[in-house]
Amino acid sequence: MVEPVNPLSEHVLVKDSLDLSSSLAKTNQLEGLSIDSSLMPKLANDGFVAYDHVTFYVSNAKLSSRFFINSLGFYPIAYKGLETGSKNICHHVVSNGSVTFQFVSTLRSFSDNKNEDLMIKEIQNHVAKHGDGVKDVAFQVENVSHVFELAVANGARPILKPTALEEEGSTLVIAKVGALGDVVHTLINRSQYKGVFMPGYISYEDAFGHDYMQTVTELNEKVLPKVSFACIDHCVQNQDWNEMFQSCEFYAKAFGFHQFWSVDENVICTQYSALRSTVMASSNELVKMPINEPAKGLKKSQIEEFLDFYEGPGVQHIALLTPNIVSTVKNMKFRGVEFINVPPKYYSRLRQRLLETKRNYEIKESLDELEKAGILVDFDENGYLLQLFSKPMQDRPTLFLEVIQRENHNGFGAGNFKALFETLELEQQRRGNLV
């Protein structure tokens, strides 16, 4: 059994960790934001490889996983529950391309086993406070021990020490640290592991039978239109008032991430509300973590609405990269996924912007087709991106998904922010929360 770390225990400091002792005193201006200059440098290699998976704490793991299977074309890959000897907590793992989501819920309200009882209470308290939401954003790393020690030496909360989990001759190395708020990060190296997900899990076929897996395959590939994702593009967190810089500093100090992009309320604003956003990224820029915070406006912003109903900071949305957003969005809608409604005037303005902008490429998708699908377009002189946002995935106006396609464009849709914010404000108004 893996033993949790005592948060008060001492850890070895990594001597080559970043020298980020100076705080917000050192600043310079970037797109209107006053940013700690220690966030600017980009390391040659911080040891992060990619996103591994995202874990959701939910009230019903089986039902949540089935939604992603039926509505988003995911495939069930792993399971841990009563049939594997887990008597108190169940886990359902699904994937689409390199996107892997794990849904975790409790099977009972208590356990005589102290560690199990603590985990039960953690899940129940998380769901009671936040509703269904993201608990763990896990990363693949080159060296779990090195990344863990550097993170703890620079302020991360140790939860699980680097541990080698053995299963049938293969080894999975994991550790876990806490970020700000309730979000945690599992650090994983799978290079010597050949199992389905993690030790203790079994394949979905072993758990539920070949006939069920065949049914899912036929559902996703013959009965319903196919939905294909490549990977997680980015994972966005909302922080409370004036906490964005602190969160960015955490990722810079603990993980060695660098500032990739940022905008302030002069860019992301409407008549009523505004926000600030800074994107922290790994050195290979395959892990990107945008951090948002509300800015002053006449009315409550989408960030404030999230904070109210999530009851604190947390993951607002996950962006999924797709090779063909038009077919992906069309097929997701057919499967029942709801997306925000982009007003027709957006496309009139878009056509005018495209006429007025010098570009060395053509958008290969038809603008009429993009308008019909309600897809947003942002572009610069070198390339463009296509994106669309789902409505909240549950009754609370909190977690949602973004579908994104990139064509030589690494931005985050700055040209769409005003139109997007206005659209989200209409949704807020319908909910009675634009006050």
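From the backbone N, Cα and C atoms, a Cβ is placed for every residue, glycine too.
Across the domain 'VOC' (50-190), the prediction's mean pLDDT works out to 97. Summarising the annotation, TrEMBL assigns domain 'VOC' to 50-190 (among others).
Look at TrEMBL and you will find 231-391 (among others) tagged as domain 'VOC'.
Taken residue by residue with DSSP, Glu402 (Fe cation binding site) is part of a strand. Around the Cβ of Glu402 (Fe cation binding site), the number of neighbouring Cβ atoms within 10 Å comes to 21. Residues annotated as Fe cation binding site in TrEMBL: His234, His317, Glu402.
Secondary structure from DSSP puts His317 (Fe cation binding site) in a beta strand. Counting only same-chain residues at least 6 apart in sequence, those with a Cβ under 8 Å from the Cβ of His317 (Fe cation binding site) are Cys235, Val236, Phe389, Leu399, Phe400, Leu401, Glu402. Taking the Cβ of His234 (Fe cation binding site) as centre and 10 Å as the limit, one finds 21 other Cβ atoms among all the protein chains shown. Within 8 Å of the Cβ centroid of the Fe cation site, not counting the listed residues His234, His317, Glu402, the chain contributes Asp233, Cys235, Val236, Pro290, Gln316, Ile318, Ala319, Leu320, Phe389, Leu401, Ile404.
Secondary structure of the domain 'VOC' (50-190) per DSSP (helix as H, G, I; strand as E, B; remaining residues coil): 42 helix, 65 strand, 34 coil.
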